[in-house]
Amino acid sequence: MESFNPNKHLKEQFVSNLTGSSILEIFSLITTLSALILIRHCIEFNCLTSGCVKKDDNAAVSNNNFGAYMVALIVDCFFIVVPYILCMTVLAEWTYGSTMFVFLLLLFIVSFKRNGSSFLQEGGVDSNRGNISSYRVAMMLATCISILAVDFEIFPRRYAKTETFGTSLMDLGVGSFVVANSLVSRQARGISNMTLRNALYSTSPLIILGIARLISTSSVNYQVHVGEYGVHWNFFFTLAAVAILTSIINVPPNYCGFLGSFILIGYQTLLLCGLNEYLLSENRGTDIISQNKEGIFSIFGKDRYWGMYLVGVRVGNYLFFGHKTDVRTKTWTRNRVWALCLLFWLISLLLDWQVERVSRRMENNFEISLQCNLAYVSLVWAISLQVLAILMLSDYVPGRKTSALEEAIDRNLLAYFLLANVLTGLVNLSVDTLSVSSIAALAILFAYALVLSLAVGCASFMGIKFKFW
């Protein structure tokens with residue numbers, strides 16, 4: 001029987017044994033994406049977007065002009081997605097220059113719109129909520145673009161996931177998911193935890209998706225990097241396991257930070273005492289635990305994943321939900337986001353230089369959770385808060401407007417991610433990604449991003465919201 005994926009082993013080797021790039025380069029790439037989103041916030045197209053975007057989470061898009069709404073989505077792609085794809089592919093050798101150009105352009109636009117006056121916009125929960133949504137969308141865009149781009153030669157190998165120690169753009173993956181979800185979780189908002197039965201019911205879609213992914217990848221002989229999750233484990237199983245644990249263990253938000261820090265430091269100690277050697281070893285026994293050691297241990301140290309989540313619960317509660325809002329809330333929040341960002345960057349650099357180099361594999365288990373070391377957790381937090389802090393500068397931009405694309409993706413984050421995975425699989429099964437030209441690769445990436453945007457936009461326009469829990 002002919003294989004659906006004859007180049008499976010070549011593609012697996014293409015994304016294996018990589019060492020990553022520098023922390024500074026990752027900082028620059030993420031800063032570029034944040035600045036592109038801010039530029040889109042500055043440049044308004046009222047004729048296209050006015051009335052096209054939803055007014056709240058439960059309302060469908062109100063404008064009946066479907067064509068204008070689609071144009072708005074395309075314009076958003078042109079300003080945000082297309083430049084970012086170029087920065088991580090053909091402009092990758094000029095990363096720092098690209099970042100400087102984008103930021104100078106942003107400063108010019110902001111200065112022009114302000115006309116020498118102060119236009120600081122203050123707001124309470126709604127304003128903070130918009131910044132959080134933009135942050136979540138930014139991390140989702142970076143992830144979904146990368147999962148397909150990594151299969152092309154035009155995507156630098158230093159941006160792909162590292163094998164053991166090192167930092168790369170794609171190493172942020174699940175870590176950013178964990179942080180983004182924890183900041184606005186039920187626990188962060190002070191909502192009572194669910195029972196075990198309700199937790200199992202609410203996470204059942206993730207379990208089903210995990211099983212479906214396992215069956216589908218096996219049936220079509222799709223390339224799988226075993227060093228990331230193990231033989232049978234995958235991203236969805238880890239998220240489901242973590243969601244169940246965090247749902248049934250009732251930890252008050254005020255104590256989550258302490259418990260999370262204790263878990264992270266304790267797990268780091270275990271790694272330094274020998275656990276990392278076992279997890280990084282290529283030797284696998286015949287038992288189910290050895291076969292899936294990366295994924296299984298990513299749960300147990302929830303140490304990594306759960307610890308990161310608990311810290312996020314405390315940070316989210318402290319920044320967004322633990323105080324009554326007033327006219328000073330936005331400034332108060334923004335200043336503390338920047339302070340925490342600088343703190344985590346300092347901790348990350350100290351850990352990477354003095355304790356142990358950043359490692360995603362040790363946390364690889366589920367991509368950033370339990371097998372990752374403490375330096376990795378701190379780095380993910382530093383970058384996540386950096387994105388949020390930069391996006392909060394939009395308060396200084398007069399007439400700031402969230403783009404149609406951001407609102408559409410935020411309305412269906414999980415659906416956007418699932419569709420990205422499906423399209424990535426279809427492209428890999430239909431195209432020999434290792435042999436296509438740079439121009440063809442860019443065309444495919446642009447088309448992929450556009451299809452994703454229009455699909456999620458159509459769902460938003462029709463008032464469809466995919467939420468499984």
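Cβ coordinates are placed from backbone N, Cα and C, and glycine is handled just like the others.
Note: TrEMBL annotation is automatic and uncurated.
Matching 164-184, 290-310 against TrEMBL, the residues noted as transmembrane segment span 164-184.
Counted over residue pairs 6 or more apart, the CB atoms of the transmembrane segment (164-184) and the transmembrane segment (375-393) come under 8 Å in at least three pairs, which marks the two as touching. Between the transmembrane segment (94-112) and the stretches 21-39, 66-87, 132-152, 257-275, the greatest number of Cβ pairs separated by less than 8 Å involves 21-39. By number of Cβ pairs under 8 Å, the transmembrane segment (375-393) is matched best by 21-39 from the list 21-39, 132-152, 413-431, 437-464. Against the transmembrane segment (66-87), stretch 437-464 has more CB pairs under 8 A than any other of 21-39, 132-152, 257-275, 413-431, 437-464.
Same-chain residues lying 6+ beyond the ends of the transmembrane segment (437-464) with a Cβ under 8 Å from its Cβ atoms: 54, 59-61, 66, 69-70, 73-74, 76-77, 81-82, 85-86, 89-90, 144-145, 148-149, 152-154, 404-405, 407-409, 411-412, 415-416, 419-420, 423-424, 427, 431. The stretches the transmembrane segment (413-431) and the transmembrane segment (21-39) do not meet in space: the count of Cβ pairs below 8 angstroms, excluding pairs fewer than 6 apart in sequence, stays at fewer than three.
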